Structure formats: structure tokens, C-alpha cells
Amino acid sequence: MVKTFKEFPTLSVLDHPLIQHKLSMMRDKATPTTLFRQLLKEIALLMGYELTRDLPMTTQEIETPLTKMAAPVIMGKKVAVVPILRAGLGMADGLMELVPAARMGHIGLYRDHETKRPVEYFVKLPEPEGRIFILVDPMLATGHSASAAIDTLNKRGIADDNIRLMSLVAAPEGVRVVQAAHPTVPIFMAALDSHLNENAYIVPGLGDAGDRLFGTK
Ligand code: URA
């Protein structure tokens, strides 16, 4: 089931039992790094199924062992998966398994201690022409990184119409920020949590996704 919200018209929460069960395991602080990484990849794969539901289709003449047929295939639109470094890498793995022909870009952002705003330090993207860009970052907390990453794509000629944002857990504050800056970019989440705490962590959340994914502190 896909949950939608009046306040957040671009947000879809993918409320599937498998996704929710796996997310609950990820939230548990006792879940070790190896399992956390595996679960994130599995959820990304399940979410990717829903996220790619409206890819345009066409038919292609093929021959089965019995006869010729016009077989349904995905039309020309190609896919690019773009993780925001570093936690986005864990979600990108699942999507790349689902769409192996997708190209992969990377956007690296760090948080400036004084301004508290994201600063771009690395951008490498595939050719934008005719491509749908799926931006991935597991935690949509303040929304500033996601919004800055979409700005980065825009600056390189990728319009909001060709961008989708896929995250795992969001705070309402973050959804509001992305939606205000990019009101037509669809946002896909596994859960919309309660709020951000004073350190900009999502509550209840799952802690620092990057640290839990890579086993760092
Ligand atoms: N980034 C994380 O990894 N976790 C949060 O809760 C917020 C931002």
C-alpha cells in the first residue's frame, strides 16, 4: 500500500509489510552492521519496484520458442541512480541490482560547521539526456542535503521532472524543505517519523545511517 498525505502532496510512503518489517529490524540498535547493510539493500530493491512503476513502456518484436510476439519492454527512458555520499551508497546497491543497466552518479556533500549548510565536494554524473535520475539518501532529516543535491542536478541540466528522491526515513521538517524548494519532485519513503531532535537526528529514526552502514563512529 502507498500512503499519501494532504500536507505533503509529493510524498509517498511505501507501507508494504516486507519493507516495514525490515525497517523495524534496521531501527533496532542491536542490529549489527552486516545485517543493517543487507536490510538497507533489500528495502531499496523493494522500494525501487514501486518507484519504477510508471516507467514508460513500449513493445518489441521477439520470438518465443513457439511464436513471434510483441513483448512489453521499458521504453527509451534510461535510469541513473545517484547516491548522496556516503549513506546513499547502501541504498544505491539495491537499486542497481534491480536495474543493472542503470548508470550511476555520485554527489558528495559535507556540512559546513558554521553555516550548518551542505557544501558540495564531489559531483560526477552520467549524461543527462533522456534519463530519469533517482537520487538516494536513506535519511531525509533537515532536507538541506537532498534539496542541495537536487539543485546540483538542476545546475547540470536535469529538470525536476526527471528527478525522484528515494529515502528510507523522513522527518516532516525535511519533507517540508524539499517540497518548498522542489514542489514537483516525487519523494518516496519507507516511513515518515515524528520529528528532528536538537542535533537534527530523526526521532525515532535509526541513528546515524552512515555509521551504522559502514561500522564507523
Ligand atoms: N542523518 C542520519 O544518519 N540520521 C539521522 O537521524 C539524521 C541524519
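Cβ atoms are placed via backbone N, Cα and C, with glycine included.
What TrEMBL records for the 5-phospho-alpha-D-ribose 1-diphosphate site is R86, R111, D137, P138, M139, L140, A141, T142, G143, H144, S145, and among D28, D208 the residue it adds there is D208.
Among the binding-site residues listed (R86, D137, G143, I202, A209), I202, A209 have a CB atom closer than 6 Å to some atom of ligand 1, in sequence order. Of all Cβ atoms in the protein chains displayed, 25 besides its own lie within 10 Å of the Cβ of A209 (uracil binding site). Listed in chain order, the residues near the uracil site other than I202, G207, D208, A209 are P138, M139, Y201, G205, L206, G210, D211, R212, each with its Cβ within 8 Å of the site Cβ centroid.
The binding-site residues shown are D137, M139, G143; of these, the one with its CA atom nearest the CA of I202 (uracil binding site) is M139.
Sequence-distant neighbours of M139 (5-phospho-alpha-D-ribose 1-diphosphate binding site) (same chain, 6+ apart, CB under 8 A from its CB) are A87, S167, L168, V169, A170, I202, G205, L206, A209. The Cβ of A141 (5-phospho-alpha-D-ribose 1-diphosphate binding site) lies under 8 Å from the Cβ of A170, A171, E173, G174, L196, A200, Y201, I202, each of which sits 6+ residues away along the same chain.
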